[in-house]
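Since the structure comes first, as structure tokens, the remarks are kept for the end.
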Amino acid sequence: LPPAVFPLSCVVQNYSWGKVGLESEVAKLLASGDPLVQIQPDQPYAELWMGTHPRGDALIRDNRIPQKTLGQWIADNPACLGAKVKDTFQGHLPFLFKVLSVNTALSVQAHPNKELAAKLHTQFPEHYPDANHKPEMAIALTPFEGMCGFRPVEEIVSFLQNVPELRALIGEVAAEQLERSGSDDPRGVSAALRVCFTRLMKSEKKFFVDQLNMLVKRISQEAAEGKDTSGSNGELLLRLHSQYPGDIGCFTIYFLNLVRLEPGEAMFLGANEPHAYLHGDCVEVMACSDNTVRAGLTPKFIDVLTLCEMLNYTPAPSSSKILPAAQSQLDPHVYLYDPPVPDFTIMRIEIPASIKLYLISAMDSASILLVIRGTAVGTSTAAASEMSLHRGSVLFVSANESISLHLSSPDGMLLFRACCLL
């Protein structure tokens, strides 16, 4: 039988927002995973893609396997996905697993649901390359910051009252409509929020650049005088403005929650949820799609109309965006991040130093395993030979195959495993 468990060599994306050189978790994992890799000290290492996406299909590191990439191998051996996954997702791996190292903010964006994705793909295939939805989940590896979802209305109203430049862009009528909307009428609140956000995003370029410059000047002066600028979200405004001067996205900080994750904490981003990652390193898993509707903090194509139409205008506190991990009933070393979509689940596997032999259990789904910390020798009846596992190692594990880890590190192991639990 051909090997059904094998190591992968994964594709790096050097997007400009990535952390540079060995500051980047992506670069550190690469360097540990393959000692022959040369890390360029001035190059951004933004994303590591572990999966079968056509723009980053992982290479198979096992010369006994004739197929060169994971995508080719799965196409030739679709049973490796597991019976249910194979049938549900038409013989394709349903998720893309990533590591992200974020230095400067990513664009303010949202991902369409399946219905909208199909429509956008038909109308504008050059901007929306496929017809799938793209829910995402991020789990922090280092302290991680992002914006996600609309803030509670009282926070937005407070900014409208403290930031005259914001109020000027939105206009008095829309601002008052939001101030008057009551918590007893959620649809009224959402409608008022939609009007305010759309007016902001569609404001005239020259007008909003003038307002932004006034705001930045005022906050810089207040900060220099030692005043508290938190009522205007001053620190974040100055940071984003230094990264994207004159960008409308700078004003979105007054509408969107700031979510801070500690290592091991996760956030789930459903369809139509506005978000922007700001800083830090995370593992991320998403449905296999490239559909992103952008509206700010970016030099790329922006589609303000589509974004403002599609967003979920339900205000909620930032704490509601954090998805808790549940300790597995079957294995105390496994923590499950199981989001409200069928396409993916992540397991965090933490093996203490006291354990010298650990079984990565079989499941009815293909999975991808990433080693963050620790060393072990892995053996499997489905692998061609022993596998040396260390920081940065990535393994593909076919459905219904298990791996025995013979641990050799004094500080235990930390692994993440992406899979599909139908």
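Numbering starts at 1 and runs along the chain as it is shown here.
Just so you know, glycine gets a Cβ as well, placed from its N, Cα and C.
Per TrEMBL, these features apply:
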DOMAIN    5-153  domain 'Phosphomannose isomerase type I catalytic'
BINDING   Q109, H111, E136, H275  Zn(2+) binding site
DOMAIN    169-256  domain 'Phosphomannose isomerase type I helical insertion'
ACT_SITE  R294  active site
DOMAIN    336-376  domain 'Phosphomannose isomerase type I C-terminal'
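Listed in sequence order, the residues of the same chain lying 6 or more apart from H111 (Zn(2+) binding site) and placing their CB within less than 8 Å of its CB are H133, K134, P135, E136, L269, A271, N272, E273, S289, N291, T292, V293. Neighbour density for E136 (Zn(2+) binding site): within 10 A of its CB lie 25 other CB atoms from the protein chains shown.
Listed in sequence order, the residues A110, K134, L269, E273, P274, T292 complete the 8 Å Cβ shell around the Zn(2+) site centroid, once Q109, H111, E136, H275 themselves are left out. H275 (Zn(2+) binding site) is 10 Å away from R294 (active site) when you measure Cα to Cα.
H275 (Zn(2+) binding site) has a Cβ environment of 24 other Cβ atoms inside 10 Å. In sequence order, P274, H275, A276, T292, V293, R294, A295, T298, L307 are the residues of the chain that are 6 or more apart from Q109 (Zn(2+) binding site) and have a CB within less than 8 Å of its CB. All protein chains shown were included, and the count of other CB atoms within 10 Å of the CB of the residue listed as 'active site' stands at 22.
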